[in-house]
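**Student:** Let me give you the structure first, and then I'll get to my questions.
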Amino acid sequence: MCVLCGASLRDKSDRFLDCCSRFFPCLSDPAQRFALFLRVALVVLHFICLGILFIFDKDLIEKTKQQPWYTAIYLSLFVATLAQYFLTSNSSPGYVLDAMRVVNETDALRRTSMNSKQPASRKNGSVAITVDRNQMGRNPVESNAASWTKLVMDMYPPGTSVRTWTCSYCDVVQPPRAKHCYDCNKCVLQFDHHCVWLGTCIGQGNHFRFWWYICEETALCLWTAIFYISYLKSNISKAWWVDVIMILLLAALFVSIVFLVLLLLFHSYLIMTNQTTYELVRRRRIPYLRGIPERVYPFSKGVCRNLYNFCFARSIFYKMERLPSAQELEEKSRPYTCLDALTCRCCC
Ligand SMILES: [Zn+2]
Ligand SMILES: [Zn+2]
C-alpha cells in the first residue's frame, strides 16, 4: 500500500515538474532547478527575518512612527542587498568564449579598416569596399582563431605548448588565470569559485559586485541582529514561543554574521594581493604557480594599485594578465627592508 502511495506521489511530482518545464524550459535542468530553489529560499529567509520583526516588535513599530528615517534607512539597505544579490547572480563572470568573440570582432574591424584604405568603388555616392580574400588571408574564422591563440600564447613563457592550455570542453585556448567551471560548463576569466547561493561563477567580471554583496549582506545581518537583541532585552510582555522563534533566528543570524565577516575579510585579502580563491587553494596544482614561493603574489602590482584596479580600472573590455617573467618574480620575492617600508614598496 505504502509502495503504491509512494509511486503515485512520485508520478504526480514528475508530472508537475514536466508541466513546469514546459512553461519554463530552464527548469528542465536539475542544476538550474536547484539554483532557483536556493534563490527563492534565500529571498524567503530574508522576508521571514524582516516580517517577524515587524509583526512582533511593538517597540520597533513605535520607533518607526517617531523616527521614520531610521527604519527607512534599514529598509533601503534591505532592498539594496536583495537588488545586489540579483544583480550579482545575473552578471557575467567574464567567459573566455565571450572574450575571444570580442578579440575576433576587434581584429575583424581592424582588418576591414585596413582594407578600406585600398581603392574603393563609388556608386551613386555610396562607398563599396572591395574585400580582397587573398589579402585578407585564408579563412577569416581560421585567421581569427589564430589571432586569439597568438594573443593568449604571448602571455605564457616562450615554448609553452598550445595543447596544454586548450580546454577540452570549450575547445578554446585559456589565458592565464582562466579555468573551466564544470557547473557552468564554460571557461571563466580570472576564475574565483562557483557560488552555489548565487547560482553563478565568480570571476573577473563580477568579483567587484560579489564583494559589495557580501559587504551589504554583512551590514544587513548585523543591523537585524541588533533589532532582535533589543527586542529580547525589552520588558514588554510576550508569548514564550515568540521568544523561542526570536532566539532561533538570532542564532541563525549570528552564524551568518561570523561566516560573512570571515568571507568579507578573506576576499578583501584576495583583492589586496590580486589573487583568486582558486589560485590560493590550488596553488600547488596550477603549473605556472607551482614553483613560486608562498609569500610571493605573482599578479600583485602593490596593494594600492590592486585596490585601484579592482575598484576603478574595470572597463568593458576583458582584461587578461600575462605571466610575470623570472626577473619580475625575483624582484617580488626580494625580502622587505626598512627602506622598502619607508618608500612604500608594497604600494608601488
Ligand atoms: Zn572550458
Ligand atoms: Zn560556474
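Just so it is clear, glycine is given a Cβ too, placed from its N, Cα and C backbone atoms.
So TrEMBL says this about it:
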- 34-56: transmembrane segment (TRANSMEM)
- 68-87: transmembrane segment (TRANSMEM)
- 166-282: domain 'Palmitoyltransferase DHHC' (DOMAIN)
- 210-232: transmembrane segment (TRANSMEM)
- 244-266: transmembrane segment (TRANSMEM)
**Student:** Let's see if you can do this one: DSSP helix, strand and coil counts over the domain 'Palmitoyltransferase DHHC' (166-282), in that order.
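**Tutor:** Helix, strand and coil residues of the domain 'Palmitoyltransferase DHHC' (166-282) number 65 helix, 14 strand, 38 coil.
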**Student:** Across the domain 'Palmitoyltransferase DHHC' (166-282), what is the average pLDDT of the model, as a whole number?
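**Tutor:** On average, pLDDT over the domain 'Palmitoyltransferase DHHC' (166-282) sits at 93.
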